[in-house]
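Here the structure comes first, spelled out in structure tokens, and everything after it is commentary.
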């Protein structure tokens, strides 16, 4: 595959300029066949690397466009191969004409993620760094951007390298003892090995445990909007998303299925989940929707219990019997909606009665989703309730489920090593578990990953990356 020279459009359609990437052993030669520098003299192949050359793309005698060509020589390029980048005007016609000329002269169309895959195969980055490229492209908040950038720059890779070096040192001491078992030579006492195992276990556990935070940062804090029918859940969702995502109607039971979408508030990505209203119903479809409501409630980090302020007292039993027990370890906010329908005295009475019945520690807020009253304050409450740590580019937080699974397997293996040391088992059994731990950590970096897994990972990239 790496013997082919590939090309692809690297920019989105509709922009003022467009960019085409060419990479492979014939990248400079093929680009030079269709490109003529504006200044006569040097051919493209004679230009210095890391330079921009102004000129024109020709199809025979016909000029296609005036362009800039960037030149990179192996191994000092993104892919580690000879590469060019052609920057032209953003017309889709021009871009397609240039692509056709490149393919006609020996290029083939790149597969999704093939540029980054080549960078990985050519040793420009490990697999975790390659995956971070996709995360950086998809980042939608300051936190996801910082985490992806940290991983792409090798923060996670350095942690893995240090762990593998310690484990290799560990297993070498064990296996040396096995080699000299007949001579009764001890290269490291068991207490020293146990301390080393504890040190390794602590780092792996920290990385694995960081996934609970990393996953929320990457995919959004799940917020379930729950309540009885016609409490204003769909109206609130539309306000929070600033678009008409959900159908709003006075008819009870309008929302029958779960509606989800994400939005960035205060630098944090929230995943809002609008659910079917809870009520007694004989409608089979609506009942299934209510079932899903409780499923989503269980999966949420934050629960907004929507209450129609004009009919709030009737919900106390449902709230205390069915909702509170499910929210013991969640952030629950009571959202009294339609506040325009009650006066200040009624508002104070409601707050007092709910506080007396369910406890004053439950947070509450009065809003009008329809009139957008106090919805800004609700957003501020959501940011505070998220409890996400401040993320810097130096933080190593796991956001990828593949990495998390490998870390948990590595953690299981090092736990067996600790148990084996305590039980004073034979060194050959310890060595097997240490090597298994190394295997799972190496899998994250792509050192032992099979071709099918690689193909699946890079297939999720865009064509030009």
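Residue numbers in this text run from 1 along the chain shown.
Note: Cβ is positioned from N, Cα and C throughout, glycine not excepted.
Around the Cβ of residue 85 ((6S)-5-formyl-5,6,7,8-tetrahydrofolate binding site), 21 further Cβ atoms fall within 10 Å across all displayed protein chains. Per Swiss-Prot, the feature (6S)-5-formyl-5,6,7,8-tetrahydrofolate binding site maps to 21, 85, 124, 465.
Confidence for the domain 'TrmE-type G' (220-387), expressed as mean pLDDT, is 80. The domain 'TrmE-type G' annotation in Swiss-Prot covers 220-387.
A helical conformation is recorded for residue 234 (Mg(2+) binding site) in the three-state DSSP classification. Under the heading GTP binding site, Swiss-Prot lists 230-235, 249-255, 274-277, citing sequence analysis as support.
A 10 Å cutoff on Cβ-Cβ distances gives residue 230 (GTP binding site) a total of 23 other Cβ atoms nearby, all chains included. Residues or ranges marked as K(+) binding site in Swiss-Prot: 230, 249, 251, 254.
Sequence annotations record features per position, and here Swiss-Prot assigns Mg(2+) binding site to 234, 255. Take the CB of residue 234 (Mg(2+) binding site) and look out to 10 A: across all protein chains shown you find 24 other CB atoms.
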Sort the binding-site residues 21, 85, 124, 234 by C-alpha distance from residue 276 (GTP binding site) and give me just the closest. 234
Identify which of the binding-site residues 124, 233, 276 has its Cβ surrounded by the largest number of other Cβ atoms within 10 Å, counting every protein chain shown. 233
Whole-number Å only: compute the distance from the Cα of residue 234 (Mg(2+) binding site) to the Cα of residue 85 ((6S)-5-formyl-5,6,7,8-tetrahydrofolate binding site). 47
Sort the binding-site residues 21, 85, 124 by C-alpha distance from residue 230 (GTP binding site) and give me just the closest. 21
Residue 233 (GTP binding site) and residue 21 ((6S)-5-formyl-5,6,7,8-tetrahydrofolate binding site), distance between Cα atoms, whole Å: 47
Distance from residue 233 (GTP binding site) back to residue 124 ((6S)-5-formyl-5,6,7,8-tetrahydrofolate binding site), taken between C-alpha atoms, in Å: 49
